[in-house]
Amino acid sequence: MDGLRRHKGMFLLPGLLTLFLIIIFPLLFTIRVSFSGWNVSNPRMDFIGGANYTAMLHDSRFWASITRLILLAGGTVLIQYIIGFGMALLVWREVRGRRFWRVLFLVPMMTTPVVMAAIWQTIFHESLGPVNDLLGMVGLTNVPWLTESGPALVALMTVEVWQWTPFMFLLLLAGLLSLPREPFMAAAIDGAGTWRTFRKVTFPLMAPVSVAAVVIRLIEASKLSDSVYVLTSGGPGSSTETPGYYLYIQGLRDQQTGYSGAMSLAYLVLMIVTLTVVAALLTRAFKLKGAS
Amino acid sequence: MRSRPYTRVVAVAAVAALTATACTAQSEAQHKSKQKAALFKPGSEISYQKYGKSYPATKVKDGPGPCSYESISRKDYSGQTLKIISHAVPVIGEPTQLHAKQFEEITGGKVEVVNVPFGELHQKILTPLQAGQPAYDVMFYPSLWIGDMAPYLAPVPEEYLNTPGMRDVTQSYMDVATWDGKVVQYPVDGDRHYLKVRTDVLKDPKWQAEYKRATGKDLKVPTTWAEYQETAEVFSGKDFDGDGKKNYGSAEVTKRDDLTFSAFISRAAPYVKNPKVKGGVFFDAETMKPLINTPGFVRALEDMVKAKSTWAPGGANFGLGDEIFSFGGGQTLMSYSWDDAFIQAQQPDSKIRNTVQAAPLPGSSEVYNRTTKAWDKKANQAAYFTWGWTSAVAKASSHQEMAFDYLCFFGNEANTALDLTIGRFGVNPYRMSHFDPAFWEKQGWDKDVAEAYVKTLSGMEENPNRVFDLRVPGVNQYMSALANGVAAALAGQESPQRALDGVAGEWAEITDQIGKDKVRSAYRNVVALEDKS
Amino acid sequence: MRSRLYPVFKYTVIALWACFVAGPFLWAMTTSFKNANAVQGGATYVPWVQYEPTLTGWRNIFGGAGGVDVIDPFINSAVVTIAASAISLALGSLAAYALSRYRFRLGFIKNSDIVFFFVSQRIMPPVVLVIPFFYLLQWGGLLDTVPGLVIVTVALLLPIAVWVMVDFFNGIPREIDEMAMLDGCPPFQTFVRAILPNSLPGLTVAAMFCAVFGWNDFFFAFRLTFTEVQTLPQAVVALNSSIPPWWTLSAAALFGVAPLILLALWVERLLSKGNLSGAVR
Amino acid sequence: MNLNATDLCLTVDGVDHLRNVTATFRPGRLHTVIGRTMAGKTTLLRALAGLQQVDSGSLTRAGEDFLKTPVWRRDTAMVYQQFINYPHLTVFANVAFPLKRAGLSRDEIRRRVRHSLASVGLTDFEKRRPSQLSGGQQQRVAMARALARGTGILLLDEPLANLDYKLREQLRDEFKALFSDQGDTIVVYTTTEPAEAMMLGDVVLVMHEGRIVQTGTPQEVFERPATTTVASIINDPPMNIFAGRLEGGQVTVAGFEATHISAHLADLPDGAYMFGLRATDVSLAAGGVEGEVTFVEISGSETFVHVAVGEIPFVVQIEGIHDVALGDLVKLRFRPDRLFAFDEQGALVRTPSYDLASVEGR
């Protein structure tokens, strides 16, 4: 196809340029604004040098939120992957009501995160919600879901797992359904059991899908903020703040545009580097697993 | 869905920008009303019933004056569109929509309303104003934002200031609406924090005896925060309403990014507002040194941390709505915040109707004196005029007549009378005529409940020791910093003193960032109101 | 090999997960028929038995005075989602096709870097973009308009479309392109006549992701519109007041989810027919 | 309207795919390109089609610079090894696809498609999708599509390689008939199978490591393989090649002492040579050179016995099925009159006089 150089631009450029044009202004704007003292009462593009960046280095809330995000995103994505893969395997073959389960398991990802978070807030409501009520019925005490940092993190992760496991489920189920049959027959002839078949055949074959699904989920999970916003407002104290939510507080609610610009850029660079490294590591890890 | 000719939009934007800078050009760009026949006879009976079953059957008489149904229905606004931003439904958002619908019906104009959650309202209003984008004609927002909004607001014209309804607004709420000597906000709501208690428990001999046993004191409505704490502790964890579920002592707004800062100021007011000391509560109005970490505020925060033990499950993450559900649903003995919870508890279908009582916020047995740096050992009471909802018209609006007519219609005597009775509307007494127990009795309130309510509210108007919100530019930043500090202390991450020291540091930074003189001149206006008495 | 308990185990796990997935919907369903009193008394589940159901919540979302009208926002959401998804799919599949079939090299930039450029747009926290977008759209006079919102939404969806379609096109043998060209199709016709018709499963998955992310975008729609273009999530969030009417909120949430459940049905059908093979890799 | 390739060169990542390929393809002729896997056959076809750019060289047709002609205007049809059809179209639409692009009338399209499908025996399959057909049927659809257009150039890239043996033979026979109808079309057909190349080709081009090493009629190539490489490529099983010496009309093969006398080699000068002997010209006998059986293949009615004589591997093709076991010691008998002689560089020096009938009979 190398003979068609003249045409390749025709395909790529409309999309690339569109995205570039839409994105370039915000990016330049953010870079420029990060060197300004633009805030709510002084919305001007003045120049204050690197003051915002210096302030950011000393902003322990920001750095704490990044550490927290790594745990939250890593943890939820791992849980989503395990459950998503498990469910995909269970409804992959030979199960009654297969179509019903599949549709049901897809639905949460179709819902609006902010809206569902509001519903979850009522579910975790410590005195009026059903979770504590049901726990009470089986004789357990009230859990301070949204008022203590441990349970609040669990609540957040629950919401994230609920919302996005279907995404994993979809990608992994589609992956499973497109697997060739031959290796399974071979494994069956070899007399491999369920677990061995999974470990030696299914899992290695699913490695590419798995890497893609995990990476894309990590990207999305890194923006985690809607559910924080609605459920805990980052509380108690600042113990459930994520960078996304902290940026929102600084940049939009308090309109510290300049400062949030600096943080955004730092965050963006950090995320791109982290995710690239993670993606590379995952690819290698899965390849090794697949080869063994 | 309409697609606009963009050139026109740009042109309109340019015109708007011009009008914003050159006020002389303003009158030419303004759209005016035409006259038509009235749709109402003077003094007609007004009721919301036709808008649905969720409205009470109450009927009131249309009042006189230019804002009445009768007068407004003479105006013809057909072909004009008014754009309004308001708070989320129902608090203030629902009356905004309801009156918009009525206004459309009687003037033929079109009114578009968007409703926005509290946390988003500030930037959603301010961003277009700052960008010179004529997004909204009318804005409903918390009155304490006046410092940020004032530069973009159209002063209320003389003819609206002279309506009977406006003249009846209490002095405090006119003060709150005034900036640099001009009335720039249109009062539609009067707000203050006060105490709510369950009288069925307080008057129950069994509980009185129990309280006596526990504390050796008589059970009564607490008048100091120390008593409040004592009472709350005794009743927390007991099933005082006999429904088989545990009850708790106190419900407070504690969710960090909700309205926690107001709850905290309520608790601090009697400790920090010394009638003998003038010149500012939050700052020293001369030096602009933050006072937020002075012993009075620290004491209040210590109280609040102590109070945690008396909160219902989840009480440390209560937004205003949770507080209202908790008290209004009968879960807690006491609560303090805006009228909403009280009115909610007094709704016709409420389980605790007429078993609640309003009382002034608790006071203190001593008050800090920042000039002598010592506690003055004397009982102190301070009225905290917490921010309430207000409304304003954008200077850049080209529909100012329609906008002010809408607001004057919104707040006409008939509408206000009906709105006051609907708890979820969040419209609370702000005119002298609202302080009439007879009106509330007509709504089915018991006489003593109505009287205590009116006395509590009007008493605040008479209290000379008053605290107002920090109505300066950047108020959200200050309050956000304060809420962070309070939340950190409540979560046990920091001691109250350390937390407030941190807040003081942030406040100083914020002041520097915004400009000391700008903040000072704004804060002096607030201090003038407080010290006037 | 498999123990007799395996089916019991299997259906137990499936049922447990199903309960978890369906729980919030069931809760929202029952809450949507409550009123303030039914909510304030603590958690209840069964109408008539535990509380007296009312239709207030549902009435409120269909023009009842105590709520917000969801019909106009629904239409707005649909228009923006469909337009933005269509544009993203068109531009995205063109670009993805180029990245799958041709080799690009510009200095150190290779195909994989261009793909990464697209995907990396999803790493950007929305907060970074929204303020500049405000000024960008203001400059173009596009604030509070459908085209403005569509442009912004395209920026969100295009990366997804490219990501899904690159993988999908990689799974279609190049020989099909070559054959089409030999059969007399210039490159663009080749794409339209030979490749696109074979990409329906991929397009479906991409369309689904676009629709889901477009339909559920609250952040940008909220901040870049004033009154004219209210989308459904905005309408629902407008109910998140300081006194949240749980019942109306629940009804609105269920209403907003409904059209996307149809989408889930459609996707499942494609899945069952095995048409998604190679759609996601 | 010849298609002339001159000095086509292509190197990708340090590997030479085409090295100075020069060839003339003539209308109405069927050119078979034979070579081992990776010899550059497919690359050559793709270069002719325009699907592969070359580094240097020229390609012209009727004075036109073909390298500058885009693929879609090259008037070329191609059939792939992997049964490529449009998966989304029915058999009918598949065949009609290029015709529609060419702008033919609907009636004409229908006529041609029907004709073409009939010629490959798929008349009743019009409405099926390719995925509902067997491999052989799918390849017939691809053939029908390529033929229906009546292009000036028809390229077939090992079209039978992925089919089973039976089908391959059947289709090969059908192709012979189909191609004979093609009038002025230039047909280029690549294969690894000598029999296919011999049977179908008007012209045989032998490729090795990116080069065309010999061009000629099947008979020429078969009888006079220019090099040892060609000799091994165009014979199946490959010709046995071994080094030896010729002294006074006597052949001495290194590794084992054996002396043969062969008349047709008698006048060659003495020296070191490479010798070639087809597998059919070696047989198992009671006496002769002894070797050890390393491998036995039974193919249809023939048996291939691989025998190692010292270090030298031999393949022996014998009629019928023979019971030879691995590790058996057998004795080989060579037919000295069938020896090919090549010089030490592998270039052909002398061929045996061959009876052509025995070639075609295979």
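First residue shown is number 1, and so on along the chain.
Cβ atoms here come from the backbone N, Cα and C positions, even for glycine.
Any TrEMBL annotation is an automated prediction that lacks curation.
The annotation transmembrane segment is assigned in TrEMBL to A:12-35 (among others).
Taken from TrEMBL, the feature domain 'ABC transmembrane type-1' covers A:66-280.
Only residues 6 or more beyond the boundaries of the transmembrane segment (A:69-91), in the same chain, are considered here, and those with a CB under 8 A from a CB of the stretch are 98, 101-102, 105, 153, 156-157, 160-161, 164-169, 171-173, 175-176, 198, 202, 206, 210, 213-214, 217-218, 221-222, 224, 242-244, 274. What TrEMBL records for A:69-91 (among others) is transmembrane segment.
Beyond the ends of the transmembrane segment (A:103-123), by six or more residues, the same chain brings 87, 91, 129-131, 146, 155, 158-159, 162-167, 169-170, 226-227, 229-231 to within a C-beta distance below 8 angstroms of the stretch. The transmembrane segment annotation in TrEMBL covers A:103-123 (among others).
Sequence annotations record features per position, and here TrEMBL assigns transmembrane segment to A:161-180 (among others). Long-range contacts of the transmembrane segment (A:161-180) within its own chain (CB-CB distance under 8 A, at least 6 residues past either end) are made by residues 76, 79-81, 83-85, 87-89, 91-92, 102, 105-111, 113, 116, 120, 202, 205-206, 209-210, 212-213, 216-217, 220-221, 227.
According to TrEMBL, the transmembrane segment annotation covers A:201-219 (among others). Remote same-chain residues near the transmembrane segment (A:201-219) are listed as 73-74, 77, 80-81, 84-85, 89, 164, 167-168, 171-172, 174-176, 179-180, 183-184, 186-187, 192, 275, 278-279, 282-283, 286-287, 289-291 (criterion: CB distance under 8 Å, separation of at least six residues from the stretch ends).
TrEMBL lists A:265-286 (among others) with the feature transmembrane segment.
Remote same-chain residues near the transmembrane segment (A:265-286) are listed as 30-31, 34, 53, 56, 66, 70, 207-208, 210-211, 214-215, 218-219, 222, 243, 247 (criterion: CB distance under 8 Å, separation of at least six residues from the stretch ends).
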